[in-house]
Amino acid sequence: MVSFCGVAACLLTVAGHLAQAQFPPKPEGVTVLESKFGSGARITYKEPGLCETTEGVKSYAGYVHLPPGTLRDFGVEQDYPINTFFWFFEARKDPENAPLGIWMNGGPGSSSMFGMMTENGPCFVNADSNSTRLNPHSWNNEDQPVQVGLSYDTLANFTRNLVTDEITKLEPGEPIPEQNATFLVGTYASRNMNTTAHGTRHAAMALWHFAQVWFQEFPGYHPRNNKISIATESYGGRYGPAFTAFFEEQNQKIKNGTWKGHEGTMHVLHLDTLMIVNGCIDRLVQWPAYPQMAYNNTYGIEAVNASIHAGMLDALYRDGGCRDKINHCRSLSSVSDPENLGINSTVNDVCKDAETFCSNDVRDPYTKLSGRNYYDIGQLDPSPFPAPFYMAWLNQPHVQAALGVPLNWTQSNDVVSTAFRAIGDYPRPGWLENLAFLLENGIKVSLVYGDRDYACNWFGGELSSLGINYTDTQEFHNAGYAGIQINSSYIGGQVRQYGNLSFARVYEAGHEVPSYQPETALQIFHRALFNKDIATGTKDTSSRMDRGKFYGTSGPADSFGFKNEPPPQHVHFCHILDTSTCTKEQIQSVENGTATIRSWIIVDSNSTSLFPEVVGSGEPTPTPMPGGATTLSAHGYLYDVTLWVVLLVSAIELVM
């Protein structure tokens, strides 16, 4: 006989346990290294022994601590500490000769733990939210802006309502309120908008200082191959170009003697490849792709009707509409804030207004009316993919202790996102120019887009690739589309490539390409890093061929002719730490105590069939709630793909 109990009643029986476990204790067994350059920076780290369990493969988790005043050399006042989390994984093969890769999710304000745990990291979390299994397609990653994920400025205790997303600070000495299934407490970064990155350019400065400390002073990294590659996703379409270009600008200043920083900031970072996965790169170029993806895509899904589609186009192109608003933003910013630092309130307001209008009138008719998923047009909402089991795992006491972290993990931080939005970071100019700058300086750019994503869709990615104005623009435009040969029987997508620039459309993949098509994503990543053509992995792309030309693909000029069938629907389940996976009725059942929950999963016929070992048998058991694993943010990773090392920088949880 199966017994049931309301969630609230179940949780009351473990209130004592919750009171002991809700706030992480002070980390123990942490190695502390003071900077040899006397800058006041520190590295603290542990060997966690989590996630990457391949014999002989080491991993390290910790923080780079930057003191107040670190960013003064860029003219930025910073009166708070920046504590950036990283998780470094050695390559599974030949780590001494492996290049290093940094992985970052976007947001802005989203944790890179999402990518690590559901896309390309060394492990996946099981449905019990307490154990992991190896990912055979790992890229072996980093976390960005301060206050994201496990990065922080200063710490404070908060309450959080998962349903309303209301977050309230607990003052010192204030009694700890009782928790239930949707009301949690935890320790997080300060949530002070003045102590995080205000825009992508600010974040680049903080990450560069992190890199100067880590690459020169972290004792676990001793490569013979000093190449560094950056892979990023979503808002990473801005992070990637801006961060990588900023790093290269600093490299050039160091080399030519125009950088006047202190001794510990003279390290040249040898940049090799920038990979952007379903990135929103340039708003002006990519906005036309939203009406097309909603109405005329390769899956034959008309997510909006002809009238709504026409309205989206009208909002984009009419006088005073989206396009005009972005052009106005850019003309003002180029004169009054050319570095995109958010220093001019008029520019900030105009650019923020442009983003708000374009989002509401050009993009959001799909999200409001279609009933389909924002990250996968092939799925109806709510969608449980990728599974959010990692959210609870990262706040398990044994995981927190192993990582040596003093706070609870959060998926995204609305304060960081608000700081970026407040200066109108989205529609500002410069992203495509950054990509052109990288290509002109010999740094490879690989654009990879799943063809079912709406959020940063492949039509917009293709337009961005064609909008890069550099020496070989015409040769890239002249290249045709070739199939991406993954093995003897499978074509994973289509690619246009000339030399160091490639644009790949990946079949049957949503926003998080490695989650949907892990082998295809890994092959593309591996080929890009090792100077092989994306189409076959057999041709060298680094050397000139006949008549001084680089390798280029040949085939049709357009990929739209390659059509797809809509996918079957995922079997739905609700994970209460990610309420976007739940229906309104399921959320109500949690609130009123009628839901039965095991391991943060609502028990119903679907979840019982999907996860019988977790929810399908035995008595319902109370689920101890972790300290608030939901929306705050994390930054960065370093991973390994057979031949690359990965650094996860939760630290671009850059607090600025």
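Cβ atoms here come from the backbone N, Cα and C positions, even for glycine.
These numbers come from a predicted model, not from an experiment.
What Swiss-Prot annotates here:
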ACT_SITE  SER234  active site
ACT_SITE  ASP453  active site
ACT_SITE  HIS511  active site
BINDING   CYS456, GLU512  substrate binding site
DISULFID  CYS51-CYS123  disulfide bond
DISULFID  CYS322-CYS358  disulfide bond
DISULFID  CYS329-CYS351  disulfide bond
CARBOHYD  ASN130  N-linked glycosylation site
CARBOHYD  ASN157  N-linked glycosylation site
CARBOHYD  ASN180  N-linked glycosylation site
CARBOHYD  ASN194  N-linked glycosylation site
CARBOHYD  ASN256  N-linked glycosylation site
CARBOHYD  ASN296  N-linked glycosylation site
CARBOHYD  ASN305  N-linked glycosylation site
CARBOHYD  ASN344  N-linked glycosylation site
CARBOHYD  ASN408  N-linked glycosylation site
CARBOHYD  ASN487  N-linked glycosylation site
CARBOHYD  ASN500  N-linked glycosylation site
CARBOHYD  ASN592  N-linked glycosylation site
LIPID     GLY627  GPI-anchor amidated glycine
SIGNAL    1-21  signal peptide
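Structure coloured by features recorded in Swiss-Prot.
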| residue | record | DSSP class |
| --- | --- | --- |
| SER234 | active site | strand |
| ASN305 | N-linked glycosylation site | coil |
| CYS329 | disulfide bond | helix |
| ASN344 | N-linked glycosylation site | coil |
| ASN408 | N-linked glycosylation site | coil |
| ASP453 | active site | coil |
| ASN487 | N-linked glycosylation site | strand |
| ASN500 | N-linked glycosylation site | coil |
| HIS511 | active site | coil |
| ASN592 | N-linked glycosylation site | coil |
Fill in: recorded positions near GLU512 (substrate binding site), in sequence order, restricted to ASN130, ASN180, CYS329, ASN344, ASP453 and a 10 Å Cα cut-off
ASP453
Discussion item. Rounded to a whole angstrom, what is the C-alpha distance between ASN592 (N-linked glycosylation site) and ASN157 (N-linked glycosylation site)?
Written reply: 26
Worksheet item: Which one is it: of the recorded positions SER234, ASP453, CYS456, HIS511, whose Cα lies the shortest distance from the Cα of CYS358 (disulfide bond)?
Response: CYS456
Worksheet item: 10 Å Cβ neighbour count around CYS123 (disulfide bond)?
Response: 21
Item to complete: Would you find the one among the glycosylation sites ASN296, ASN344, ASN408 whose Cβ has the most company, meaning other Cβ atoms within 10 Å?
Response: ASN408
Discussion item. For a quick check of understanding: among the glycosylation sites ASN500, ASN592, which residue's Cβ has the most other Cβ atoms within 10 Å?
Written reply: ASN500
Worksheet entry | ASP453 (active site) and CYS322 (disulfide bond), distance between Cα atoms, whole Å | 22
Discussion item. Whole-number answer please: how many Å between the C-alpha atoms of CYS329 (disulfide bond) and CYS456 (substrate binding site)?
Written reply: 21
Response to the item:
The correct three-state DSSP answer for CYS351 (disulfide bond) is helix
Response to the item:
One of the recorded positions CYS51, ASN296, ASN344, ASN500 has its Cα closest to the Cα of HIS511 (active site), namely ASN296
Worksheet item: Looking at the glycosylation sites ASN130, ASN256, ASN296, which has the shortest Cα distance to CYS456 (substrate binding site)?
Response: ASN296
